[in-house]
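Heads up: the structure comes next, in structure tokens.
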Amino acid sequence: MNRYRWVILAVGAGAQGAAAAYYFGLATIAPALRADYDLSLTGLGLLLAAPMLGLLLTLVRWGQASDRFGERPVMVLALAGCAAALAIAPLGPLPLVFVALVAAGAAVSGVNSASGRVVLTWFPARGRGMAMAIRQSAVPLGSALAAATLPTLAAHGGSRAALWAIAGLEVVTAVAVAIWVREPADAVRTTGSAARTRVVDMLRNVPFMRVSLAGSLLALPQVVITAFGVELLHDRAGYAPATAAALLAVSQVGGAGARVLAGWWSDRAGSRLRPFRLIAYGIAGSFAVLAPVLTLESAVVGAVLVTAGVLAVCWNGLVFVAAGEMAPPGRTGAFLGLQNTAMFGAVMLASVAVGALADVVGWPVTVLVLIVPAVAAGWITRPVPEPPSPARVG
């Protein structure tokens, strides 16, 4: 079984990467979507927001389902549902496309909770941080795969070809999950008998809510890098768009590696939140350096932004593991679903808020302002007690 857990991790990470290739990869075919459906920028924005809307609507429900029925049926149904919606999406008018993209997001969100739950279930506490970090690293890697392949497909076959390619990826991943994912023999046997976890009960869990809030606060500085990094490098430092995109890719790959290191660190420290706090304060420090560099419009901006970007994206796995370990037996999926809902909701709101703030006060001041949520994220987790680590969670 000790060896088989690495198979579980590979399949779980692959499923998470396939999901990310859809909900983050859709933006890579934005020009093709505009051309195929004659979209304004506002219309394009609504279409690109469709997957995230679907995710937010169903994350908690999928988490509850994974607690009740197990990870394999939930992940297979989620991936297959996403594939079916994407197969239909290009076949109708624009309203059908929007509804299908929302439905695909609502379906594939099941992977977020269930793939996290299966990794937490198979790995003991000592290796859980690094395992979850590897699984979380599949998100930027899946996004990178989409960026490397979908624009070329769209250039030759339109957005239809790209959407069908994603659908094919989801089908292949669903088959892999059906073949290889199972529960460990010594797992806590609550699946199938667990009552549905009420959202109000999760909201009353103060340590869990503090951890979820801390992750949501760190989403604000993260969005500066992931959503506006290319624009910032191009507008402030004069980088060509292709060069700016390449630097952002370097930051994402570095962040994926840093996620693994952060998970390993948390295993050795016996704590998820102590490393999280230090990373949060490190993000604040890197933004304090980035802000004055931006005022100089210097070529050094690229190096500083890449460094800040690595820090800004490396903490996600720590929050995810901490949230899962705080869940009562048989409730991990629901807790992870609510934590993911808070995270994705914060990302959506941050994308609007950060852009609006930069329009009013400019990027240097915006970067300085975002030091506040980074410091606050570290501060609010200081009184949070971490539970004793069980051999398994379920």
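Along the chain as shown, residues are numbered 1 onward.
From the backbone N, Cα and C atoms, a Cβ is placed for every residue, glycine too.
Heads up, TrEMBL stuff is auto-annotated, nobody curated it.
TrEMBL annotations:
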| type | residues | note |
| --- | --- | --- |
| DOMAIN | 1-388 | domain 'Major facilitator superfamily (MFS) profile' |
| TRANSMEM | 44-62 | transmembrane segment |
| TRANSMEM | 74-92 | transmembrane segment |
| TRANSMEM | 98-125 | transmembrane segment |
| TRANSMEM | 137-155 | transmembrane segment |
| TRANSMEM | 161-181 | transmembrane segment |
| TRANSMEM | 211-230 | transmembrane segment |
| TRANSMEM | 242-264 | transmembrane segment |
| TRANSMEM | 276-294 | transmembrane segment |
| TRANSMEM | 300-323 | transmembrane segment |
| TRANSMEM | 335-354 | transmembrane segment |
| TRANSMEM | 360-380 | transmembrane segment |
For the transmembrane segment (276-294), sequence-distant contacts whose Cβ falls under 8 Å of one of its Cβ atoms, 6 or more beyond its ends: 214, 218, 221, 224, 232, 236-237, 262, 266, 300-301, 304-305, 307-308, 311-312, 314-315, 318-319, 322, 363-365, 367-368, 370-371, 374-375, 377-378, 381-382
Criterion met for the transmembrane segment (98-125) and the transmembrane segment (242-264) (at least three Cβ pairs under 8 Å): no
Residue numbers, six or more beyond the limits of the transmembrane segment (44-62), whose CB comes under 8 Å of its CB atoms: 22-23, 26-27, 30, 33-34, 37, 74, 78, 97-98, 101-110, 112-114, 199, 333-334, 337-338, 340-341, 344-345, 347-348
The transmembrane segment (360-380) and the transmembrane segment (242-264) contact flag, 3+ Cβ pairs under 8 angstroms: no
Tertiary contacts of the transmembrane segment (74-92) (same chain, 6+ residues out, Cβ under 8 Å): 15, 18-19, 22, 62, 65-66, 100-101, 103-111, 113-115, 118, 158-160, 163-164, 166-168, 170-171, 173-174, 177-178, 181, 333
Remote residues contacting the transmembrane segment (300-323) - C-beta distance under 8 A, at least 6 residues beyond either end: 116, 120, 128-129, 132-133, 135-137, 139-140, 208, 211-212, 214-215, 218, 221-222, 224-226, 229, 232-233, 236-237, 239, 247-248, 250-252, 254-256, 258-259, 261-263, 266, 272-273, 275-276, 279-280, 282-283, 286-287, 289-290, 293-294, 335-336, 339, 343, 386
Stretch in 137-155, 161-181, 211-230, 335-354 most in contact with the transmembrane segment (242-264), if contact is a CB pair under 8 A: 137-155
Confidence summary for the domain 'Major facilitator superfamily (MFS) profile' (1-388), mean pLDDT rounded: 87
